[in-house]
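Marked as domain 'Aminopeptidase N-like N-terminal' by TrEMBL: 27-211. Taken from TrEMBL, the feature domain 'Peptidase M1 membrane alanine aminopeptidase' applies to 246-462. Per TrEMBL, the feature Zn(2+) binding site maps to HIS318, HIS322, GLU341. The active site, proton acceptor annotation in TrEMBL covers GLU319. Residues or ranges marked as site 'Transition state stabilizer' in TrEMBL: TYR403. The domain 'ERAP1-like C-terminal' annotation in TrEMBL covers 539-856.
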Amino acid sequence: MAAAAAAVEQSAEQFRGQARLPGFAAPRRYDLRLAPDLDGCAFAGSVDVSVDVTAPTRFLVLNAAELEVAPGGVQFKPLGAEQELHPAEVTNVPEDEILIIRFNEVLPVGEGTLVIAFKGTLNDKMHGFYRSVYELNGEKKNMAVTQFEPADARRCFPCWDEPSFKAIFKITVEVPSETVALSNMPVVEEKVNGPIKAVYFQETPIMSTYLVAVIVGVFDYVEAFTTDGTRVRVYTQVGKSAQGKFALEVAVKTLVLFKEYFAVPYPLPKMDMIAIPDFASGAMENYGLVTYRETALLFDEKHSAAANKQRVAVVVAHELAHQWFGNLVTMEWWTHLWLNEGFATWVSYLAADNFFPEWNVWTQFLEESTTGFKLDALAGSHPIEVDVNHVDEIDEIFDAISYRKGAAVIRMLQSYLGAETFQKSLAAYIEKFAYSNAKTEDLWAALEEGSGEPVKTLMHSWTKQQGYPVVNVKLKDGKLEMEQTQFLSSGAEGVGQWVVPITLCCCSYSRQEKFLFNGKQEDFNLSGLVECQKKDDFWIKLNVNQTGFYRVSYDEELASRLRYAIEANKLSAADRYGVLDDTYALCMAGKQKLVSLLHLIAAYKDETEYTVLARVIDTSLSIVEMVAVAAPEGLGKLKKFLIDFLEPFAQRIGWDAKSGEGHLDALLRGTLLTALAELGHEATINEAVRRFNIFVEDRETPLLPPDVRKVAYVALMQTVNKSNRAGYESLLKIYKETDLSQEKVRILGSLASCPDPDVVRDTLDFMLSPEVRNQDSIFLLRGVGAAGHEVAWTWLKEKWDYISDTFSGTLLTYFVSTTVSPLRTDEMGDDAEEFFKSRTKANIARTVRQSIERVRINAKWVESTRAEANLGNVMVY
């Protein structure tokens, strides 16, 4: 009686402004019918939802956004009742993206069916149910595509659009007869009625709304089967199916590997993967129908670079990992997003290493860690587990914390527990939570049970608080004195404290020590390593092979011994990377001198590993950008120092691939020569332009293969200025003529590297033209060179109204972060603060704060460099 009385007291107001939907009703099954009008860019539909009412209520509250729902098209029929109940009122609340359905009667506890008819627009925003443009026989056509993660299923049909409301989906679509309709499950029947056909799909297993997918268009495909009979297809635009073969091979092997690793078979009868011309993110793991942007799925043997091949392999493995970790076992709420993304990022490298051991992907994985380190060293970072109080906040946590730091922390834990124990515990977790939802604590409990280690205690400090420690190390009287503090790029002191899994080795990797450091300070007795200390070539390295998510700051003596160990090739590639990455971060934070960093860079003169040398190059280019502001009079000398350092590597590897070369040589060649072009190395630029001119006349020339094409494009743009635009026009011509997405992206990523501000501005305007798909704008923005940062900021302010209306989600945050973050003066930081003061909405608020903080950090580094007494002599090494 009390519950019924409470139901009578309910009002629509109590459901407004809430982070989550009320729990008094939950969906069990959706019977969804959709009829997209591809030419009219609209759709109509209806949904019958089997609802379990768990408490008396006069209301049903679910999500809907940008849908037209007529009150007369809504009804509810309790199970066993003869009459449908019609609502007294249907209220659409756009700001909360909910539909409030009020009945005069109290709905009985138990099952019932909610029927809703609706209409919507096939939008051009790349989320919800949207249109993507493709070419078929020279004619532009629309395809219909869904992108529902994180919270956009509600833009296609009214639903309980939260991960914990799992249900079964029976999907039917009415589409033009000549098109192909795809969904999560196989087609069970097609009924053709003249120009329209009805396509009926098999019921899905229980799943979350964000994983539902429907795609309609005209496609080619390639097909293969796994050893246990799962059909795998890669769908492409007509004429591009051959470019899907590499991804198909990787997908088949990945499904087999993950079946063994997770000890659970792939749950669906088929796996389709499809390349979408307009796609906002890299890919989306829809259950049984994974969508990708073309650059992340297609590989052309003649025109794709080695970097493209690696990206396809890693992204395919990432998305297929989600079929278990995310789709079969789903996070309970977006707070636990990192469980999906961090894990899939980590395990994608495990798969790539299994299939392509010669790629050394675990060394390359350190680049993921570095990206996580950079974001998490901001005061404006966030914990891995982040409270989400409004749907607008979700997009911003699809970031380097959830993906990169999440993956690095999982790698740290796997390293601590041991690979076999970790894998068995993971399999037990998936078996226990299959077809349901889980929280971070559920994973810790499974790993704790399987390992006997205090996993929850260890990991709590890594997921519940933001940031990470730097461990300061001194050697005194045969003891290592260690102190941990929170590392912040600003140089400020943070308050965090962690349980740090310390690993260390001394003079060799044959003897290693490991222990948990959970205090503020601790001394470690090196008595067991006393023999090592007597050696002339004595060195100590903490965080062995960089498996821990923390930085290390060594005293001057230990740091100089590590420099020697690098020169003498005593350290592993991962540790050589780590010493440099930590030193660079400490220098930027004002904890070490620039002269020390340059001295360290010189120690890498005989480096052989691609990932390490790429880190040296990235660090060097970052120093150049900073010195250009801090001490422009020293810029020429610095560039000469770096060119002299890099030139011997370039001479060894050359422009042309040699017999027996591998994947990493191809990656290095492109990275190295591009850096020399950006530094203004005349010989590199001249040779690049010579080869480009031949390429313009003969697109099949062996002189400009895909791995060095971007080198030529960047070098060419170094020769372009307002009065000499020939190179720019040549590149635009190639851009317009190619239909290969990877080639278009290579060109976009080169255009704005031009040192002439007027040309940079023209390239930014070109980016907003119909010639460039909205999804690809990020590549041009990332390519803006040092000379273009202030121009780009001025341009962004002028175009902001258009940009904020046209772009949304992660694409909009990219505009902010890539344009604001590189600025290097406090005046610019003040300008950005003032500009965004009246323009910041919830969907960009975190990104704006982080970007302005980066400007302050850059400015502080500039000032601390200016203050170095011997700056004029910095480049003597």
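Using the three backbone atoms N, Cα and C, a Cβ is placed for every residue, glycine included.
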### Task
Determine, to the nearest whole angstrom, how far the Cα atom of HIS322 (Zn(2+) binding site) is from the Cα atom of TYR403 (site 'Transition state stabilizer').
13
### Query
Relative to the Cα of TYR403 (site 'Transition state stabilizer'), which of the recorded positions HIS318, GLU319, GLU341 have a Cα no more than 10 Å away?
GLU341
### Task
Give, as a single whole number between 0 and 100, the mean pLDDT over the domain 'Aminopeptidase N-like N-terminal' (27-211).
97
### Task
Calculate the distance in Å between the alpha carbons (Cα) of the residue listed as 'active site, proton acceptor' and GLU341 (Zn(2+) binding site), and round it to a whole number.
9
### Summary
Cβ proximity for GLU341 (Zn(2+) binding site), under 8 A, sequence spacing 6+, ordered by residue number, returns PHE398, SER402, TYR403, GLY406
### Query
So around the Zn(2+) site, HIS318, HIS322, GLU341 aside, which residues have their CB within 8 A of the centroid of those CB atoms?
GLU285, GLU319, ALA321, PHE325, GLY326, ASN340, PHE343, ALA344, THR345, SER348, TYR403
### Query
Which Cβ among the binding-site residues (HIS318, HIS322) has the fewest C-beta neighbours inside 10 Å?
HIS322
### Message
Counting across all protein chains present, how many other Cβ atoms fall within 10 Å of the Cβ of GLU319 (active site, proton acceptor)?
### Response
26
